[in-house]
């Protein structure tokens, strides 16, 4: 007996909910694919959970949840007459009434209520529909989509208003000049959470927190005494002045100071030097360099041939997201990620494994992204007026719409406030954060974890002046390389260029872009510099029981499947001026790093004794202030930097930074440094946390080791145990050890030292926090440029201008 559609709908009213204002309603994009209302099958919104699904996937949701009632949205592009006259703009704006016509297509949207599994359809609007259904549909259509809400939240969360005190602040000429580091509160001994008052240059500590931490309220007390309104937090000032933390005491909120550069320059923090008359030529040269970088990296002016099909899908920029897009294009060109999230895992399998809300599941969203990028479904030419049978007459001008990685970004950035924002970010930091999240998501499943294909071991050999040695090992995802400009291979050309520049400067002439000569440094030189011996001052020797000078050399204990090289193109000059090194790196297609393998503990070498200083010696454990100052200049907390230097025996900035980045969430990171507790080796383990891990079924000794290795974090300790299944108290030490450190490399990929260049992430701009990122990837024997949603055959990939280089072992 056939049931009437309305009767079928009435029998399923219990599965229909009227959304509340707090409900997240997805109506722009499928949860498991990049289908939208504009896709051929439209979009189906579950009227119980308010999750959206494309036509090919809505049946999976019905099978999983049993929810039968859906609101179907279908958008169809309106036909626009070719001879339609352009409207004359009346406002200086784009995309609004009265503004310039941005030629965005218009769409008609139709709605219907669909009942699964037979896909029985009822038109909407219709007075015959039950009132509950009409109210639910109206609420869904009127609500702001969850996707749109997240985008708006990311934008508005970053907006600060211009302070009403900024334009007329009175600055007192009292001779104060602020040094680039070594700050301390003028009224106490606080060296962190310091604020510079922009009126008189006083450096004072911030507010005291409810739990007693933070500052001693000296900055706000100074405002109450003097009425000086604005202060900027030291350590937050970078080239991106809008990102600096400026606080207005009378307005009681963070604000923007449009004159911050001038206000800082008043106290010797000079950002205005490029505007002086004698620097005009240099300023113009900098503009030429920037324009050149921009055009070279994006291959502007080149007749780039667009490419479509599997593996050639662009990623739409959803708000300064190019740092993410460039990384993902390279990562999902590697065998490990293709296998894990595309070849070995279907969308249906990932959806079945996902929780009730697949939009917050990293495994689901990684699988969705992989299928979106690699299937070719969304890599098709964009046609006008939906005339898909229309022949593209100019293949060089055809473009694709690409996919919007909104749900992926929301999930991967959920635990990171900076990546959750719409500000530009450092592509390196995102790459490391991404791999960390992937590793966590695959904890306990080592054989499935694709992030391990990037991981390798590094070993430092430290030769003490006593003749004894110690070995410290760590794992990393990237090899960070300094660029030794003194090793440039074109020194004669550089000398001629500098002479030409001086001559033109004297004549009042400008340097043409094609006359600029940049230093050229071979990649082999950068790699050799990494392995070269380095002196360590203030190294505490457990043999001599005093500080001494040691010699450090570094090598790799394993060679990963994919080697990522990070070029340190950004440095901080005196006067707080961030500088991007204007240098070319000569990168060959093939490199061999076999000579960089660490030899480990050699016969005849005498190891430094283990242990920590006793009570008398503990006072000698000081942090190297040069290391601390460099870390502080990068914006890190002063106390944290001291701990990082001490816990890495003052070996160097890179080692201290690695320690700092992996221990920033330690529960004791903000505790003062006490006698005998400067080193990790004296970590006290919370017995209650040990008991918690024991309740999980782990042995007490293993639980203690894991907690020491993870800084007391139970979640990290659990990950450590899963990632070190063969660990035992006798064979695994969580702290740097003098023993041969091969145990850290268990299960890491390893092989020969020959690598082929397969990917480049390049950056154009003066800082990693501004500008633009572009990826070039070697695919099917040719180089391809991925510039957000633009994908094409690369004519001249900028191999010499990379920020991150991706090599594949062969």
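Each residue, glycine too, has its Cβ placed from N, Cα and C.
Caution: TrEMBL annotation is automatic and unverified by curators.
Note that the structure is a prediction, hence the values are computed from the model and not measured.
Per TrEMBL, the features are as follows:
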type	residues	note
ACT_SITE	322	active site, nucleophile
ACT_SITE	772	active site, proton acceptor
BINDING	185, 188, 205, 218	Zn(2+) binding site
DISULFID	181-770	disulfide bond
DOMAIN	161-271	domain 'UBP-type'
DOMAIN	313-810	domain 'USP'
DOMAIN	622-663	domain 'UBA'
DOMAIN	684-724	domain 'UBA'
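Counting residues 6+ beyond its ends, the domain 'UBA' (622-663) has Cβ neighbours under 8 Å at 180-182, 191-192, 235-236, 238, 432, 460, 462, 472, 474, 476, 480, 534, 536-540, 547, 552, 572, 669-670, 672-673, 678-680, 711 in the same chain.
Residue 185 (Zn(2+) binding site) and residue 322 (active site, nucleophile) have their C-alpha atoms 39 Å apart, to the nearest angstrom. If you take every residue in the domain 'UBA' (684-724) and average the pLDDT, you get 68. Put simply, of the recorded positions 181, 188, 205, the one whose Cα is nearest the Cα of the residue listed as 'active site, nucleophile' is 181. Checked against residue 188 (Zn(2+) binding site) by C-alpha proximity, the recorded positions 181, 770, 772 yield 181 as the nearest. Nearest in space to residue 205 (Zn(2+) binding site), taking C-alpha to C-alpha distance over the recorded positions 181, 770, 772, is 181. Residue counts for the domain 'UBP-type' (161-271) under DSSP, split into helix (H, G, I), strand (E, B) and coil, are 18 helix, 21 strand, 72 coil. Packing around residue 218 (Zn(2+) binding site) is summarised by its Cβ count: 21 other Cβ atoms lie within 10 angstroms of its Cβ, all protein chains included. Taking each Cβ in turn and tallying the other Cβ atoms within 10 Å, the top scorer among the recorded positions 185, 205, 770 is 205. Cβ neighbour density within 10 Å is lowest for 188 among the recorded positions 181, 188, 322. In sequence order, 186, 187, 189, 190, 194, 204, 215, 216, 219 are the same-chain residues whose CB sits within 8 A of the CB centroid of 185, 188, 205, 218, the residues recorded for Zn(2+) being left out. A gap of 20 Å separates the Cα atoms of residue 181 (disulfide bond) and residue 218 (Zn(2+) binding site). Within 10 Å of the C-beta of residue 772 (active site, proton acceptor) we count 20 further C-beta atoms, all protein chains included.
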